[in-house]
């Protein structure tokens with residue numbers, strides 16, 4: 001097959017979830033609604049945290065950053081898909097595709113590290129409550145956010161620059177609604193061994209280490225809670241972790257769903273649906289999970305009733 005250098009690639013084609021013209025208005029309405037709910041929910045979470053002094057705690061500092069990350073994560077993929085559906089177009093420029101790859105990796109990695117930081121925050125709050133204010137000081141919280149951003153940015157830039165060295169075939173159809181790194185690499189006609197090794201190696205390290213940190217934190221949390229003599233104390237301790245555990249389960253559950261789908265099925269449609277669940281659903285549901293759980297953590301974090309009402313409205 002004839003190949004051409006990346007400088008000659010004008011655009012990629014995003015096939016999306018369906019090519020049936022009759023389904024396009026339904027898909028447009030569905031994803032527009034999901035995106036608006038995502039934007040509204042995460043903006044309200046950030047507004048509630050920023051406007052109420054009772055929520056100026058490390059836990060809610062990380063939550064506001066998580067909401068911002070979710071908002072950016074969804075904005076990286078959904079608007080372009082909506083534009084393509086509205087214009088009845090499938091194209092995305094070469095530069096736009098690589099930019100999308102970079103930002104998807106950036107915000108996915110950032111969410112991964114933020115969830116690990118939030119798990120550490122819960123560990124300190126439950127296992128070392130008397131030292132919580134000293135350990136989780138503003139300097140440490142800011143450093144954790146900065147470190148997460150630097151590592152995620154380096155990872156995203158590494159993979160994006162490695163894609164730049166590839167040459168692509170004439171068939172540039174991506175069976176997804178956004179430019180996913182794995183699908184872009186599959187379109188290359190040049191040797192992709194280094195790219196694939198980097199994907200598996202870096203993903204295993206940067207995905208596995210935070211996950212192990214979360215598991216280790218909750219192992220210590222459960223061990224500490226089980227030693228509490230009071231049933232009420234156990235309930236209050238576990239209730240402070242309920243929202244975070246739900247978000248972690250949703251994020252990693254959909255991520256593993258994408259991996260299993262791509263490994264076990266050759267259906268591009270099923271893989272695209274799995275990727276949709278990973279990139280669109282968690283950012284939309286996270287604000288609801290935390291707002292619905294606010295009453296459970298009200299006593300532990302001294303959250304005012306007014307802020308609870310504001311959070312519940314999303």
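Every residue, even glycine, has its Cβ placed from backbone N, Cα and C.
Keep in mind that this is a model prediction, so the values were computed, not measured.
Here TrEMBL flags 26-47, 98-120, 132-154, 197-226, 238-260, 272-292 as transmembrane segment. Annotated domain 'G-protein coupled receptors family 1 profile' per TrEMBL: 41-290, in sequence order.
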Given a Cβ distance threshold of under 8 angstroms, which distant residues of the chain, six or more beyond its ends, lie next to the transmembrane segment (272-292)? 15-17, 31, 34-35, 37-38, 41-42, 44-45, 63, 66-67, 70-71, 73-74, 77-78, 104, 108, 111, 175-178, 180, 243, 246-247, 250-251, 254-255, 257-258, 260-262, 311-314
Per-region confidence, the domain 'G-protein coupled receptors family 1 profile' (41-290) (mean pLDDT, whole number): 87
Who are the long-range neighbours of the transmembrane segment (197-226) in its own chain, taking Cβ under 8 Å and residues 6 or more past its ends? 109, 112-113, 115-116, 119-120, 122-123, 126-127, 151-152, 155, 158-159, 162, 181-182, 185, 234, 237-238, 241, 245, 248, 252, 255
